[in-house]
Structure formats: structure tokens, C-alpha cells
Amino acid sequence: MNEDLKVNLSWLPQDHLEASSTENVSTAVSSLIPVVDPEPEFIVNPWDIVLCTSGTLISCENAIVVLIIFQNPSLRAPMFLLIGSLALADLLAGIGLIINFIFAYLLQSEATKLVTIGLIVASFSASVCSLLAITVDRYLSLYYALTYNSERTVTFTYVMLILLWGVSICIGLLPIMGWNCLNDESTCSVIRPLTKNNAAILSVSFLLMFALMLQLYIQICKIVMRHAHQIALQHHFLATSHYVTTRKGVSTLAIILGTFAACWMPFTLYSLIADYTYPSIYTYATLLPATYNSIINPVIYAFRNQEIQKAFWLICCGCIPSSLSQRTRSPSDV
């Protein structure tokens, strides 16, 4: 009789049970119901979503630039090779941000962390180095204007590309080769698994490259002002026209350098003073503007270029707008 009760009581309403057997019923019912642990909630960090979205936009935007330069044999001058290098580096950085999001929530392991951080560090290093190479190329094209378009310049450009990508790849391989903080969390930087020393070296290197870029752009600015003044004298332009042209060139250089500094400087300085004990929100808040630099780069360096604009219109609609084909280059287009 008791065995039948234990089997069937769970199917009866509680009101039909006798008061004398209430305790036994509760025990029987609880023994029949399996204990199920609550499933952990799948929570996605909103900052990771923003970074992944930024990576998607970076990838799409720079993929267009890489495709344009790759499909047009006429775009093989040193300047376009360096712009292509910048676009390729930013494209890989965007892909790295997307892969980081996927691995962080679907394939969590130490190996995936090392590979992802290696790809991101190598890509952003190549991007910053490409910006420096473009600055050097612009300075040389103005300082050695008569001999710039020569085989020597092309060779120098290939040497710069090999060096910057070689150094960037080596930097990206450091965490994979063992220079990481997976075994000693006390040495971690704000970006795990990079060590504090690794992050400090990258930050100092960035500051040195920024200082070199600043110096080169100051020299470029002087050359542009001198060229604009010479053109004004040769064509008997008014002083106002010379002032407007010079101011436009200086403003363009200021925007280029100011955008680069505004994007990267917060994260660079934060990496120098902070470590893994700081709240992660500060890391996200300073890293996100750095990714925006890869979104802005195609606009500044690629889509403003007349030849790339023409190639883009040819790919899209097979024609070149008359306003674009009649436009001439001015000294302010640096």
C-alpha cells in the first residue's frame, strides 16, 4: 500500500491527501523530482559587441581599398603600395576583433587567446608602422621631388614594407612564443595575456614613432608653404590666394596628425600607467578610440586620393564623373 502511494501521490492534487500522511508525501514527491542545476546565463559584454561592430566596419571599409588597389595594375606606385599596406593591416585588425569576439564566447581556451591577441597586436603594429612609412614617403616625395619617381624609390618602398611587416609579425608572435602572463597573472597588463613589459615597450615605441611623424609633418608643412609661395610668385597670385592655399595644406596635415594622436594616445598612456588590477571599463574606453583610427584611415589616405576615386567609380559604375576627371592637384593636397 505504501509503495503504491509513493508512486502515485505526485499526480494527485494536494487537497486530496490525508493530513496524517502529509510529511511522507512531501518526502516521496521530492525524491521523484530530479535536482536540476540552474543553467548559467549567457551574458555578452556590451563593450565586446561595440568592438566587434567596429571590427566589422573596419573590415568592410578596408577590404574595398585592398580590392581596388589589387585589381588595378596602374596603382603600383610607392604611394599606393603603402596605402595598400595600411589597408591590409587595418583589414586584418578588423578581422582580429571579430575573431576575438567569437573565440571569447564560443571557443574559450588559452591557445585561442594567444592567437587572437597575436593577430591583433601584429595588425595594429603594421597599421601604425604603415602610417609612419606613408609619412616618410610624403616627405621624400616633396623633398626629392625631381628624383622621387625612380627605381631607387621603388626599392626603398619595398624595403620599408618588408621591414615593417617583419617587425610587426615578430611583435605579434611574442605572446605565442611564451612572452605572456598566463602563468603569472601578477605580470599582466591591461590587455591579457600581454605582459606589462610588453605593453610598455609597445607604448614607448608608439610615442617614439609619433614624435618622428610629428617632426616629419613639420618639415612637410614648411615645404608645402615654400612651394605654395613659389607657385604664387610664378603665377602672380594674390597674397590672399597664397594664404588660403597654405592654410588648407597646414589644416590637412593638422587633421591627419591630430586624428592619429586623438585615437591612439589615450590607450598608449593608459597602458603605461595601468595594469590588470584596473577596472576593465577603462581599458575598453581607451581601446575603442584606437580602433576608430582604422575606420578613419581609408577616408584620409585612400578615398581622398583622385586615382583611387577614379578606380572606385570604374568598378562601381564603369564611368568617371566629369567633376573628378577635371580636378587638378594643388599644393594643399598632401
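Each residue, glycine too, has its Cβ placed from N, Cα and C.
Over in TrEMBL, the protein carries these features:
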DOMAIN    61-301  domain 'G-protein coupled receptors family 1 profile'
TRANSMEM  47-70  transmembrane segment
TRANSMEM  82-108  transmembrane segment
TRANSMEM  114-136  transmembrane segment
TRANSMEM  156-179  transmembrane segment
TRANSMEM  199-218  transmembrane segment
TRANSMEM  250-269  transmembrane segment
TRANSMEM  281-303  transmembrane segment
Report task. Could you check if the transmembrane segment (47-70) is in contact with the transmembrane segment (281-303), meaning 3+ Cβ pairs under 8 Å among residue pairs at least 6 apart in sequence? Result -> yes
Query raised in the report: Ranking 82-108, 114-136, 199-218, 250-269 by Cβ pairs under 8 Å to the transmembrane segment (156-179), which is first?
Result: 114-136
